[in-house]
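Asker: My questions will all concern the structure given below.
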Amino acid sequence: MTPREDETEAARTSPVDPWPTPDERAADATLRPGTLSEFEGQPRVVDQLGLVLEAARHRGHTPDHVLLSGPPGLGKTTLAMIIATEMGAPLRITSGPAIQHAGDLAAILSGLTEGEVLFLDEIHRMSRPAEEMLYLAMEDFRVDVVVGKGPGATAIPIEIPPFTLVGATTRAGLLPGPLRDRFGFTAQLDFYEAADLERIVVRSAARLGIEVDDASAAEIARRSRGTPRIANRLLRRVRDYAQVHNGGAVTLELSRGALELYEVDPLGLDRLDRAVLEAICRKFGGGPVGVSTLAISVGEETETIEEVAEPFLVRLGFIMRTPRGRIATPAGWRHIGLVPPDRSGGAQPDLFA
Ligand SMILES: Nc1ncnc2c1ncn2[C@@H]1O[C@H](COP(=O)(O)OP(=O)(O)OP(=O)(O)O)[C@@H](O)[C@H]1O
């Protein structure tokens, strides 16, 4: 489950949306790396996690609980699967929004087998009573199931076998301290370097039977916003285009044609990113402008602006978040072909040129 699974498909029209479509979830199985050594990028996380798993194997124990945080599509689910594979353990997958009551969690925990890896996606969206039950389970491998109500209520302790919880969150800041503290290993996944994404594109192309040259793989990687899921999706779109126009072989020219058709620009900005940038510059004189005003002016949900467009534009140094609102930087103005205003008091540019 992702933050957007409950939204309509119509809301997901951009090829650089970091959340998966239902089709992609099914296709993920083919493209996921199966072991830590096949996992591209994130070298620090891979090394540290490798050590945690190796040490657990030596001691003959289950590994410490693992918290993975970072934006969608960077490989949290993949890493959870790898942890289970590397430990030779079964994996059970659930998510915070699926656990509305403590009883839901009690049912999952009491059904675990020894050493099982429990992947809890979007752990920050779990209900508070479930969260409290999880504290005890993580620490003492026990849950207290409360039977009855009021003064007559009794807590019946249930032992659960040692397991490893792998929690994933896009919002580590929303996790309560006591929950965060119960993870023995915490990893923050960062956006990928273009070279890592290029290797991911080449590997995925091989798995999908797509012929792709190095220049095309580099072009797709550059436009993928540091996100493997987007790289894989753009690869599929380029493949479709190449099939129609060139009988299947992907060339640089065809890759560029496909990405232009899907409105993904050379830096990976899509229509929404450009609309946000244009609105700040053209409608609000470069800002500052509040995010909700911005959302209305581009006809999008505030959440989408905050979670998708804004982090990417900030990362590229095209906009800044300030206490008074969002401001376009000179690089942002230039990216959409406008002259940045002279903030030193010189003449203002013609914003509507
Ligand atoms: N390091 C990597 N190397 C190769 N492929 C990767 C890597 N990381 C992710 N992928 C690919 O990207 C896709 C998305 O990965 P994954 O589902 O693990 O992301 P996620 O962080 O769990 O996203 P979400 O939280 O939105 O579910 C998968 O198809 C996977 O194959």
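Cβ atoms are placed via backbone N, Cα and C, with glycine included.
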Asker: Starting from the ATP binding annotation in TrEMBL that includes L31, R32, G73, K76, T77, T78, E139, D140, F141, R182, Y192, which of R223, R225, R229, R233 is the extra site residue?
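Answerer: According to TrEMBL, the candidate sharing the ATP site with L31, R32, G73, K76, T77, T78, E139, D140, F141, R182, Y192 is R229.
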Asker: Looking only at C-alpha atoms, tell me how far T77 (ATP binding site) is from R326 (DNA binding site), rounded to the nearest Å.
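Answerer: Here the two Cα atoms are 32 Å apart.
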Asker: Identify which of the binding-site residues R321, R326 has its Cβ surrounded by the largest number of other Cβ atoms within 10 Å, counting every protein chain shown.
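Answerer: Result of the Cβ crowding comparison: R326.
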Asker: Is it possible to get the count of other C-beta atoms within 10 angstroms of the C-beta of T77 (ATP binding site)?
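Answerer: I get 20 for this one.
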Asker: Cα distance, R321 (DNA binding site) to Y192 (ATP binding site), nearest Å?
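Answerer: One finds 23 Å between the Cα atoms of these residues.
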Asker: Spatial neighbours of R326 (DNA binding site) among the binding-site residues L31, G73, E139, F141, defined as Cα within 10 A: which are they?
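Answerer: Within 10 Å Cα-Cα: none.
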